[in-house]
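Taken from Swiss-Prot, the feature topological domain 'Cytoplasmic' applies to 1-20, 69-92, 145-162, 210-243, 298-308, 352-387, 441-461, supported by sequence analysis. As annotated by Swiss-Prot, transmembrane segment applies to 21-41, 48-68, 93-113, 124-144, 163-183, 189-209, 244-264, 277-297, 309-329, 331-351, 388-408, 420-440, with the evidence given as sequence analysis. For 42-47, 114-123, 184-188, 265-276, 409-419, the entry in Swiss-Prot reads topological domain 'Periplasmic'.
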Amino acid sequence: MSHITTEDPATLRLPFKEKLSYGIGDLASNILLDIGTLYLLKFYTDVLGLPGTYGGIIFLISKFFTAFTDMGTGIMLDSRRKIGPKGKFRPFILYASFPVTLLAIANFVGTPFDVTGKTVMATILFMLYGLFFSMMNCSYGAMVPAITKNPNERASLAAWRQGGATLGLLLCTVGFVPVMNLIEGNQQLGYIFAATLFSLFGLLFMWICYSGVKERYVETQPANPAQKPGLLQSFRAIAGNRPLFILCIANLCTLGAFNVKLAIQVYYTQYVLNDPILLSYMGFFSMGCIFIGVFLMPASVRRFGKKKVYIGGLLIWVLGDLLNYFFGGGSVSFVAFSCLAFFGSAFVNSLNWALVSDTVEYGEWRTGVRSEGTVYTGFTFFRKVSQALAGFFPGWMLTQIGYVPNVAQADHTIEGLRQLIFIYPSALAVVTIVAMGCFYSLNEKMYVRIVEEIEARKRTA
């Protein structure tokens, strides 16, 4: 059985306050995540004194570990049948957010060990952080099918989520370094101070999300009691759900491209453009363009459909990066072309969450088993693998191109940074265009038919 409202699930409209609360949840998640994505590699190389390859290995091991903790979270969520008044997903948002906050701060604490000891300690802390972040963030993301079955409202929630994520990224991009610099003469304490302040705000925002969202469609009994969630079942759910599998491949590419860009832009502005403060100012413009894209996304989807808007966003992204590589030699041109690329990425990153929610019903339609947690965390498994590779690749490449911290870089190092921030993301975006254009088949018409057939089955069961 399910907890179901009396309103038609296909037409139910969500209140503004609930959409805002859901968007605030990804504001919280991205504050807690992006301080690490943006600055942790630089903290490892420039403060802890670790070689770039070691920093990359920390990301590789930790993110691969959390890929499996994501899957474990999905299995745990789909195994829950005794659902209390807090719901199926919301309790994990509430209780996991506190250890995530503490560990996000601890990641920026130095240790008095040698290089090996520092590497081991940093890896352990980052793995623990990833474990609790999986519990919090996977529950947050998997909750959408329990909130609404209206495809337009799901697209709206995806837009609000991306808006919150973009605001979190903007705050971390613009504010972290100035806050860190308030502690003069001690870079280590500056990192700790900034991480503490940002993480506490992340905790507060996540609690606001918890209090403002409502679960309406929660399965309390399995459709097939003999079929219990497990790791093998999770991978089968992905392999047997073609739209989900294609979406996983697309995210493997796009998230890897986006995270490499974020990691390298700190080095690019400092060593290529010789303007380290530019990153803070650029954030206002580039993230502003993302907000415009997020704002335009729901109307664009209603007119053209999710798939066409997704591919269109990728094409804009590629155009912006290629223009930056060939013509973006100065600060002004770098900001302008980056804004174009980030504008395109807004459609891609927003629609990922709406598309994965649609694959829940596709999987239920194909198998008779509704597994929000398994589908969502199978999706995030690929995203974490992408993050693992995106964390390792820049650190490894920094060593390969001859990066030396806190000095002027050689010409071949400069060219390596340019290729990392522009050519690598463009190539992955092109691969994604081919994958989504040729192999993704779940459109709006098919989705409506699937939902109608599922509801008909339930009425006759």
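Note that Cβ sites are derived from N, Cα and C of the backbone, with glycine treated the same way.
Mean pLDDT across the topological domain 'Cytoplasmic' (298-308) comes to 89 in this model. Listed stretches 21-41, 48-68, 189-209, 309-329 were compared with the transmembrane segment (244-264); the greatest number of C-beta pairs under 8 angstroms is found for 21-41. In this chain, the transmembrane segment (331-351) lies out of contact with the transmembrane segment (21-41); the count of Cβ pairs under 8 Å, excluding pairs fewer than 6 apart in sequence, is fewer than 3. Using a Cβ-Cβ cut-off under 8 Å and counting only residues 6 or more beyond its ends in the same chain, the transmembrane segment (309-329) has close neighbours at 254, 293, 297, 300-301, 336-348, 351, 355, 418-419, 421-423, 425-426, 429-430, 432-433, 436-437. The transmembrane segment (124-144) is not in contact with the transmembrane segment (163-183), judged by fewer than 3 CB-CB distances under 8 Å for residue pairs 6 or more apart in sequence. Proximity of the transmembrane segment (388-408) to the transmembrane segment (189-209) is not established, fewer than 3 Cβ-Cβ distances being under 8 Å for residue pairs spaced 6 or more apart. For the topological domain 'Cytoplasmic' (298-308), the number of residues in each DSSP class (helix H, G, I; strand E, B; coil) is 10 helix, 0 strand, 1 coil. With a threshold of 8 Å between CB atoms, the same-chain residues lying at least 6 positions outside the topological domain 'Cytoplasmic' (298-308) that come near it are 152, 155-156, 159, 347, 351, 354-355, 358, 436, 440, 443-444. Here the transmembrane segment (189-209) lies next to the transmembrane segment (93-113) in space: the count of CB pairs under 8 Å, restricted to residues six or more apart, reaches at least 3. Long-range Cβ contacts of the topological domain 'Periplasmic' (409-419) within its own chain (Cβ-Cβ under 8 Å, at least 6 residues beyond either end) map to 264, 267-268, 271-272, 325, 397, 400-403. Broken down with DSSP, the topological domain 'Periplasmic' (265-276) shows 8 helix, 0 strand, 4 coil. Beyond the topological domain 'Cytoplasmic' (441-461), the same-chain residues lying 6 or more positions past its ends with a Cβ under 8 Å from any Cβ of the stretch are 9-10, 149, 151, 242-243, 305-307, 355, 358-359, 361-362, 364-365, 368.
With a threshold of 8 Å between CB atoms, the same-chain residues lying at least 6 positions outside the topological domain 'Periplasmic' (42-47) that come near it are 54-55, 58, 108, 110, 122, 187-188, 191, 266-267, 395, 398, 405-406.
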